[in-house]
Amino acid sequence: MAKQFDVVVIGAGPGGYIAAIRAAQLGMSVACIDAWSTADGKPAPGGTCTNVGCIPSKALLQSSEHYDQANHHFAEHGIEVKGVGLKLDTLVGRKDSVVKQNNEGILYLFKKNKVTFFHGTGSFAAYVDGGWSIKVAGASEEDLLAKHVIVATGSAPRALPGLPFDEKKILSNDGALSLGAVPKKLGVIGAGVIGLELGSVWRRLGAEVTVLEAMPDFLAVADQQVAKEALKVFTKQGLKISTGVKIGEVKTTAKSVTVPYTDASGAEQSLAVDNLIVSIGRVPHTQGLGVDTVGLKLDERGFVIVDDECKTNLPNVWAVGDVVRGPMLAHKAEEEGVAVAERISGQHSHVNFGTIPSVIYTSPEIAWVGRNEQQLKTEGVAYKAGSFPFLANGRARALGDTTGFVKILADAKTDEVLGVHIIGPMASELISEAVTIMEFRGAAEDIARICHAHPTLSEAMKEAALAVDKRTLNF
Ligand code: FAD
Ligand code: NAI
């Protein structure tokens with residue numbers, strides 16, 4: 001006899017596990033199926049984000065930043081450290097234990113919220129009277145019957161054609177988070193978010209890192225003033241970044257990887273490295289889901305097709321997160337998961353794609369929300385811009401980290417904030433204020449009038465808002 005549930009969620013990444021918890025909070029009977037396992041076969045819910053994404057990358061970024069500070073910046077504070085050493089196995093082991101705590105945290109949350117968890121692969125078997133028959137295969141073998149199904153099966157790294165990941169020499173994010181030794185020379189293909197974050201980790205730990213990017217502009221998705229500043233700072237830190245390249249046929253031997261490429265001027269080049277990270281984007285993951293069995297429609301790139309409410313072409317089948325259109329971000333997946341659970345329960349929830357923040361956790365951090373100057377110009381929107389440098393911020397000076405600035409773009413007529421772009425210390429935390437203001441459709445003047453604690457980095461946000469009206473107080 002199949003076990004019956006109001007909602008079965010397939011995938012326990014940030015989209016799936018959050019949807020499951022929210023649906024359970026709303027009084028529905030909920031099951032969540034997830035296939036991810038630890039090396040010894042135990043369940044590892046949390047998806048890409050917890051296991052090989054957001055969490056482990058931030059753990060390594062933190063550790064490597066400490067190492068960099070101890071090596072290069074403690075002296076400025078009068079702290080003498082002699083013989084700074086690196087125990088990579090401890091550093092990577094700490095990252096693994098942070099991941100484990102998060103896996104266990106999600107299992108605890110499932111128990112607390114009475115979500116039934118199945119460890120295995122979930123697939124559509126058929127549409128039967130009253131709902132969807134879902135098979136679980138693997139560690140748990142079960143037949144489930146669901147009134148509603150939420151597909152949250154996430155994404156997988158995109159490989160270069162003809163160059164599969166072996167996770168030893170040719171690394172996806174997975175292998176790049178678990179190297180056993182610091183490479184002398186590390187190549188990175190793709191100067192996107194993963195390339196810059198993980199490239200920074202291994203550079204700080206001592207690798208000579210070269211990043212090869214196909215697009216002519218560096219960080220084309222960011223505001224170009226921010227991108228220019230970032231390129232300057234990263235280059236000064238030692239990342240070698242080439243844009244406008246065309247990658248040739250990569251050759252791998254037991255010892256090294258050779259990457260032939262044509263540079264922006266058209267000259268043939270060759271890069272020899274110990275390891276190569278390929279971070280050229282991710283593809284939606286629907287393997288093993290039984291898409292064809294039930295006719296779940298995918299677009300030409302393999303994303304599950306959904307409408308604005310995350311409804312698929314099948315009745316009572318929803319899809320959220322990386323497996324559907326929109327930015328591949330954990331917080332976007334979570335918001336969609338919550339909204340779908342609430343819609344199933346009859347509420348009219350909404351996800352505002354215009355206020356989803358983006359963050360790159362390099363040093364300095366980069367964060368933005370809303371539209372950038374290039375976009376506003378293309379759209380012909382009349383805007384005012386106000387910037388404030390961290391160099392003029394007291395807290396940033398005290399921290400010893402004055403790189404970057406906050407830039408606010410506001411509507412020329414109404415003063416409504418249209419976009420906020422930050423490069424600088426703790427940009428990831430500072431951006432929340434901008435998101436809040438934009439959610440309430442506030443004006444630059446609103447930020448300027450809000451009392452910000454002194455001395456804080458957030459005062460740079462207030463000053464940038466004052467700059468929109470050309471009345472900064474500290475610059
Ligand atoms: P996923 O997290 O991919 O989870 C999908 C889950 O479904 C997986 O556990 C998978 O095993 C399971 N699954 C798939 N098919 C089946 C099946 N048939 N049956 C059962 N289970 C199945 N985003 C941020 O917002 N901030 C960051 O700092 C950040 N850092 C990142 C760093 C790296 C290195 C990477 C790779 C990504 C990062 N991301 C970050 C992106 C973020 O990880 C994803 O956007 C997020 O994980 C998407 O969540 P999801 O629930 O849609 O899918
Ligand atoms: P990305 O889309 O951020 O960057 C990929 C880069 O590779 C782009 O700049 C692209 O122009 C370049 N590229 C593509 N094909 C190429 C080729 N053949 N040769 C050279 N360059 C090429 O993708 P990335 O870094 O792989 O990350 C995947 C996803 O994970 C992103 O969508 C991101 O949203 C998410 N992520 C988010 C993080 C965060 O929020 N801090 C951290 C890491 C990943």
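Positions of Cβ are set from backbone N, Cα and C atoms, glycine also.
A quick note: this is a predicted structure, and the numbers were derived from the prediction, not measured.
According to TrEMBL, the protein carries these features:
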DOMAIN    5-337  domain 'FAD/NAD(P)-binding'
DISULFID  Cys49-Cys54  disulfide bond
BINDING   Lys58, Gly122, Thr153, Gly154, Ser155, Asp322, Met328, Leu329, Ala330, His331  FAD binding site
BINDING   Gly190, Ala191, Gly192, Val193, Ile194, Gly195, Leu196, Glu197, Glu213, Gly281  NAD(+) binding site
DOMAIN    356-465  domain 'Pyridine nucleotide-disulphide oxidoreductase dimerisation'
ACT_SITE  His454  active site, proton acceptor
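Taking a C-beta cut-off of under 8 angstroms and a sequence separation of 6 or more, Gly192 (NAD(+) binding site) has the following same-chain neighbours: Ser279, Ile280, Gly281. Excluding Gly190, Ala191, Gly192, Val193, Ile194, Gly195, Leu196, Glu197, Glu213, Gly281 themselves, the residues of that chain whose CB lies within 8 A of the CB mean position for the NAD(+) site are, in sequence, Val188, Gly199, Val211, Ser279, Ile280.
Listed in sequence order, the recorded positions among Gly190, Gly192, Glu213, Met328, His454 whose CB lies under 6 angstroms from an atom of ligand 2 come out as Gly190, Gly192, Glu213, Met328. Over all protein chains present, the Cβ of Cys54 (disulfide bond) has 21 other Cβ atoms lying within 10 Å. Mean model confidence for the domain 'FAD/NAD(P)-binding' (5-337) is a pLDDT of 97. Cys54, Ile194 are the recorded positions among Cys54, Gly192, Ile194, Glu213 whose C-beta comes within less than 6 Å of an atom of ligand 1, given in sequence order. Largest Cα-Cα distance over the residues recorded as binding FAD, namely Lys58, Gly122, Thr153, Gly154, Ser155, Asp322, Met328, Leu329, Ala330, His331, equals 30 Å. Leu196 (NAD(+) binding site) and Lys58 (FAD binding site) have their C-alpha atoms 12 Å apart, to the nearest angstrom.
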